[in-house]
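Novice: My questions will all concern the structure given below.
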Amino acid sequence: MHPAPRKGPGAAFLPEGKPLKSFITFADSLSAAIGKSFGWLIILMTFGVSYEVFVRYVLNSPTPWSLDVSFIMYGTIFMMGGAYTLSRGGHVRGDFLYRLWRPRAQAFVDLVLYVFFFFPGVLALIFSGWKYAARSWGYGEVSVNSPAGIPIYQFKTVIVAAGILLAIQGLAQICRCILCLRDGYWLQAAEDVEETEALAMANPPVGEHPGMK
C-alpha cells in the first residue's frame, strides 16, 4: 500500500498514469511469459549434458552434437531471459550510492541512462542481429565446432527477438521512471519467485529471531 502520491514540481508536464501502467503490465507479462517458457531449456540442457557424460565416459561413444546443442540452448536462455530479468530488476547494478537516493532521484538517473545508453545499445543489437541472421539464413549456416554440422541460423534469429523484447521492456522501464517522477515511488513488478537467500531471511529456523546472526 503506497501513500497518496505527492506530485513533483514537473508533474503537470508528465503524461497520465493509466496508459503507462497498462503498457507496463503488458510488457512485464510478455517478458515473464517468454522468460519462463525458455527457462525450461535448462532442464533439456541438463539431460543433454548428462547423456553426453554417460555415453562419453561409460560407453566410450561420444556424440557429435552435444557441444553445439548445449551452446545453442545456453545462449538462447541467456538472450531470451534478458527482458524478464530487466523487468524484475535482476541485472547487475552498481548501487552503493544509488540505493541511498530518493525514488525520484533514482528515476531521473535511470531515465537518462535508458535514453542515452540502454536504447542505443539495444537498437544496435537489433540491427546487427538482423544483419547476421539474414546472412546466416541466406547460406544456411551450420556450426563448425563439431562434425555434426548443427544449423545455427535459427539461433542468430534469437538475437533479433531478444533485442525486440529488451526494447519493449525498456520502454516499460521508462514508463516506470516517468510514474516515479510523478508519484514519488516505484511501481513494482508482479510478485515472482524469490531468491533462496530472501526466503531464508523471511523464514528463519524455528526458535531463531529474524534479526539474529
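Even glycines carry a Cβ here, placed using N, Cα and C.
Unlike curated entries, TrEMBL annotations are predicted automatically.
As annotated in TrEMBL:
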DOMAIN    45-178  domain 'Tripartite ATP-independent periplasmic transporters DctQ component'
TRANSMEM  38-59  transmembrane segment
TRANSMEM  65-86  transmembrane segment
TRANSMEM  107-130  transmembrane segment
TRANSMEM  150-172  transmembrane segment
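Any idea what these are sitting next to in the structure?
Specialist: Residue counts for the domain 'Tripartite ATP-independent periplasmic transporters DctQ component' (45-178) under DSSP, split into helix (H, G, I), strand (E, B) and coil, are 99 helix, 2 strand, 33 coil.
Under 8 Å from some Cβ of the transmembrane segment (107-130) lie the Cβ atoms of residues 98, 101, 156, 159-160, 162-164, 166-167, 170, 173-174, 176-178, 180-181, 186, all in the same chain and six or more residues away from its ends.
Distant neighbours of the transmembrane segment (150-172): 23-24, 26-28, 30-31, 34, 65, 68-69, 72, 75-76, 79-80, 82-83, 86-87, 114, 118-119, 122-123, 125-126, 128-130, 132-133, 136-137, 140-143; these residues of the same chain sit at least 6 beyond its ends, with a Cβ under 8 Å from one of its Cβ atoms.
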